[in-house]
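Report on one structure; see the data block that follows.
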Amino acid sequence: MYRWLAQHLGNVSVTLKLSIGFSVVLLLTLVITLTGWQGLNGITTRGDTLGAISQVHQATQDLRITRQNYERNHDAASAQAVEKNLADLERQLKDVQQRVAVGEGGNRLQQQAEAADRYQRAFADLKQTTQARETAREALGNSADKAAALLAKVEQGLLQGGDINTFDNAVQANRLLQQARFQVRGYTYSGKAEYQQTALTAIDQALAVILALPAKVPTEHAASLEATGQALTAYRSAVEQFGQAQVASEQALGRMGEQGSVLLDLSQQLTQTLTQLRDEESSHARSMLALATVLALFFGILASWAITRQIVVPLRYTLGAVDRIASGDLRQDLKIERSDELGQLQHSMQRMTVNLRQLIGGIGDGVTQIASAAEELSAVTEQTSAGVNNQKVETDQ
């Protein structure tokens, strides 16, 4: 593998090798940056989602507080506060639903939306029953006042007539009526269902005495007593209507409390789920960042080593060849396997070595020829000298 890589890199220019090396470094840096950015973005998104869920939780608690205020005050301002908190809760639930996938808690968000819808319907029922209860309370006051006023009129007439026995009967009826009103007030202000029967019993006792009075008093009071009985009957019906509205209100409040608890529980569950997912993503991001760093170091070192060998090793080989040439050793040829700048330098060194070798070889041949010619010239000179000596000897003789 390395030989194949070295062979192909050997044909690449040094400029391109360096560019590849720097590009690898930049690419690895970019990979590390993207890995860290992706992990940070995931954690930030989870944090924003948890913040939105916290707002849902806070809105649910605010809704509970405003519902308790409405339960205590039963006024329009409290009702508007509940409706406003319900609208805020629905808006925040929709915002969280856009952030959370189905598998990450979207089912719980859907359950929260359904619970909020049931809460709203229960509150609508509560407003209706509260209105009915207040209407019944108003009817209680009107019918009781009417009955008391009519009975007082009868008492006044009997007192003026001087019939003490019939007057005592009217006084007893009035006393029973006041006792019934007292029992009804205790029931309506407490709202306890067990007090309703006591109030109804007191009304029935007063009604029985009043219905029996026409037979004991002069006939001119019969119409007033009949109207008093009708008012007291309406009073009893209003108590029953108040009781029905009170039971319906308690049921609506119970449903609202139940759905409020469901909303809070689901918010806590969703917070736990997303917190766990955030921790898992944080751990995954750290692992990916560590892996990217290790891979970056590995490939960076590998690229640095490969490029260094692609430049330094052939450069040292070329420098060795230059040293040999400088020392006069022209016997070795350079083995050239690359075509980059260093390969081109080696080609030039090889041509120089060959040319020097040829030049020195030519000079050696010329020197040999000169030496041969000198030897021949020396031999001719010796022959000439010998001939001259022989002639001299012959001349002397």
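The backbone N, Cα and C atoms fix where each Cβ goes, and this holds for glycine too.
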Quick one: sort out which of 79-129, 232-282, 334-384 is the coiled coil according to TrEMBL. 79-129
Tell me, what is the mean pLDDT of the domain 'HAMP' (309-361)? 74
